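Undergrad: Pasting in a structure now, in C-alpha cells, and then I'll have a few things to ask.
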Amino acid sequence: MEGASEETLASVSSLVTVFEKSRTTGAVPRVHGPEAGRQQPGCRSPTPAGPWEKPTVEEALGSGSRMVSRRYLSSLKNKLCSGAWRKSYQPGTCPGPGTQEPEEKKIVRELLETEQAYVARLHLLDQVFFQELLKEARSSKAFPEDVVRLIFSNISSIYQFHSQFFLPELQRRLDDWTTTPRIGDVIQKLAPFLKMYSEYVKNFERAIELLATWTDKSAPFQEVITRIQSSEASASLTLQHHMLEPVQRIPRYELLLKEYVQKLPGQAPDLADAQKALDMIFSAAQHSNAAITEMERLQELWEVYQRLGLEDDIVDPSNTLLREGPVLKISFRRSGPMERYLFLFNNMLLYCVPRVIQVGAHFQVRTRIDVAGMKVRELTDAEFPHSFLVSGKQRTLELRARSQEEMISWLQACQAAIDQIEKRNETFKAAVQSPEADPQEQELQSVELGLRAPQWVRDKMVTMCMRCQEPFNALTRRRHHCRACGYVVCARCSDYRAELKYDANRPNRVCLDCYTFLTGNVLPEEKEDKRRGILEKGAVAGSEQSLICSFLQLLGDKWGKSGSRGWCAIPRDDPLVLYIYAAPQDMRAHTSIPLLGYQVTAGPQADARVFQLQQSGQLYTFKAESEELKGRWVKAMERAASGWSPVESGDKDLSD
C-alpha cells in the first residue's frame with residue numbers, strides 16, 4: 001500500500017514537472033502513465049497528450065469554450081449537503097490489489113488522491129496561467145499587470161498552503177496509517193487556514209468578468225490563454241473551469257470528512273478529533289457561503305442602483321433590498337389608478353415611476369419614505385380592492401396591489417422592516433400601528449398634525465367643501481387639499497399657511513381649523529357658525545357610524561340633478577331616516593327620506609337587484625350592486641319603516 005501511495009505521488013510530481021518545463025521551454029513533452037492526464041480520481045483513461053502550440057483557427061473554433069454559468073456560483077451554498085459532488089468519488093470504484101481495506105482508510109485514500117489532483121490544478125492556475133500572463137503583461141505592455149493579479153486574487157497563497165502543508169501532512173499520515181490511524185488532528189490544525197478561501201470566492205465573479213473583458217479586448221491576452229487551454233495539462237478545459245475548482249473544494253472536504261466520521265467504529269480513537277475537525281470544516285464552508293451571499297447581495301444591490309440611475313442620496317452598500325414590484329397608485333384627482341413601482345429597503349421605501357425611454361436608468365424616484373416612523377395598513381375600499389395605505393413622514397400613499405396575496409405580502413414586508421428599525425432604535429416607541437386599525441379614520445391625531453404627511457381624501461369622494469359645506473364647481477369653487485389634515489376644502493376655507501414639520505417647516509396651504517391648531521392664532525374676522533340645517537349631517541362612510549351604508553343606483557326621474565348614483569346610509573344615531581349623499585365624504589346630504597310608514601317592495605323591472613320605497617304618492621326606486629346587498633337594504637328599510645330602533649333591540653347591524 002505504501003508503494004501505491006509513493007507511485008501516485010510520483011505521478012503528480014511528474015505532472016508538475018511537465019508544467020514547469022512547459023512554462024520555460026514552451027512545449028509539453030508527453031508524460032507516460034495512467035496518471036499523466038488525470039483530471040479527477042477514479043478509473044479514467046489518460047487524456048491524449050498534445051503539443052503546447054498555438055492551435056489553428058479550425059481547432060480553436062472546434063474546441064468550443066465551455067463558460068462557467070453565473071448561476072452555478074449562486075447554487076454552491078445550497079449543495080453543501082448534496083451527494084452530487086461525490087458521483088466520481090465513490091470508494092471502491094477502482095478495485096486495487098491486496099486485501100480489503102477498512103472503509104475509513106478508503107475514504108482517507110480518496111481524500112489524498114483528490115487532494116493530489118487538486119494541487120495539480122492549483123499549480124496550473126498559479127504557476128502556469130498566472131505566471132505566463134504576468135510575463136506577457138511585463139514584456140508586451142498590452143494589458144496591465146494589476147488586471148492579472150485581480151483575476152487570480154490570492155490563488156498563490158492557496159496553492160502554497162495546499163502544496164507545502166496540507167498535501168504533505170495527508171501523505172505522511174496515510175503512509176503511517178498502521179501506527180497512527182487518524183487524520184482528525186491534522187485537519188484540526190490546518191482547517192483555520194481554509195478561511196482564506198473567502199477572499200477568493202468574493203472576487204470570483206469579478207474575476208470572471210475581467211477575464212471575459214480582457215479576452216475580447218487584448219489579442220495577446222487571449223493568445224496566452226488559448227495556448228495554455230489547448231495543452232494536455234489543461235485537459236481541454238477553459239480557464240474559467242479551472243478557476244471554479246477552489247470555489248468547489250471546501251464543500252468536497254466536508255462531504256468526505258462527514259462520510260469518514262460515519263464509517264469510523266464507535267470506539268475509534270479518531271472519532272472525537274474527526275468530529276471536531278468536521279465542525280471546523282463546516283465553519284470554513286459557512287465562511288465561504290457567507291462570502292458568496294454577501295457577494296450576491298452587493299451584486300443585486302448594484303443592479304438595482306443602476307436601474308434607479310445611481311443617485312448619490314440612494315447608493316449605499318450597507319442597504320438590503322427586501323422587496324420590489326409594481327403597484328397601482330390610487331389618484332386623488334384622476335379616476336383611474338396609475339402604474340408605479342416600489343423598492344423596499346431595510347431603511348427606506350422608494351416610490352418610483354417607470355421611464356418611457358429606458359436608456360440607462362429604468363425608473364425615476366418620485367419619493368423616498370423613511371422606514372423609521374412609517375406606518376402601513378389595509379384599506380377597505382369597495383371601488384379599489386386589495387388597496388393599502390403607506391403613511392410616512394415625507395408622504396402618505398394609497399396603493400393597490402394586483403391580488404389579495406400580493407397586498408398581504410407588501411404589508412408583511414413593510415411591517416417587518418418597521419419592526420427591525422424599531423428594535424435598532426432604542427429611542428423609538430415600541431408600539432406599532434396594527435393593520436386592523438380603523439380604516440375610516442380620516443382625521444389625524446392632534447399630536448401628529450403637521451408631523452407626518454396626511455392621507456388625502458380623494459376628490460371624487462366629496463362634492464362639497466368639508467369645512468363650509470358649500471358645493472364645488474369648476475369655475476368659482478374649486479377643490480383644494482389641506483396639507484395638514486388632508487381634507488378637501490374650497491379656496492376660502494384653505495386660504496391660510498402654516499409651517500409643517502414633515503415638510504422641513506416650510507409654509508403650506510392649510511384649512512382654518514388646522515391653522516388655528518398649529519399656530520394658536522384665532523382670526524378676529526372669523527364668522528359665527530350658521531345654524532345647522534336638516535341635511536347638514538356628515539356622511540357615515542363606515543359601519544361603526546351606520547346601520548347600513550353603500551352605493552345605490554338611483555333610478556327614475558325623481559332624483560333630478562342629484563345623479564344616477566348616490567351614497568346611501570341609515571345612521572345609528574338617526575335610525576329611522578335614509579340619507580343620500582353625492583359622495584361618501586360629503587358633509588351634507590342632498591336628500592333625506594323619513595322611512596317610518598314606507599312600504600318596501602320589489603321593483604317592476606326584471607332585474608332582481610331593484611327595490612322600491614312607496615308611500616302615498618311618493619315612490620323611490622333603487623338598484624343594489626348585488627342581490628345579497630339588496631336583501632340587506634330591504635331588511636334594514638323594513639325595520640326602519642316599522643319603527644325599529646337598534647337601542648331597543650340587541651340585533652346586529654346590517655352594515656356593508
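Any Cβ shown, glycine's included, is placed from N, Cα and C.
Copied straight from TrEMBL:
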REGION    24-55  region 'Disordered'
DOMAIN    103-291  domain 'DH'
DOMAIN    320-419  domain 'PH'
DOMAIN    459-519  domain 'FYVE-type'
DOMAIN    545-642  domain 'PH'
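Context for these features, please: burial, neighbours, distances.
TA: Taken through DSSP, the domain 'FYVE-type' (459-519) splits into 14 helix, 16 strand, 31 coil.
Note on the domain 'PH' (545-642): DSSP counts are 21 helix, 42 strand, 35 coil.
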Undergrad: Sort out for me which stretch, of 103-291, 320-419, 459-519, has the most Cβ pairs below 8 angstroms to the domain 'PH' (545-642).
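TA: The listed stretch sharing the most Cβ pairs with the domain 'PH' (545-642) is 459-519.
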Undergrad: Quick check on the domain 'PH' (320-419): DSSP residue counts for helix, strand, coil, in that order please.
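TA: Counts, helix then strand then coil: 16 helix, 46 strand, 38 coil.
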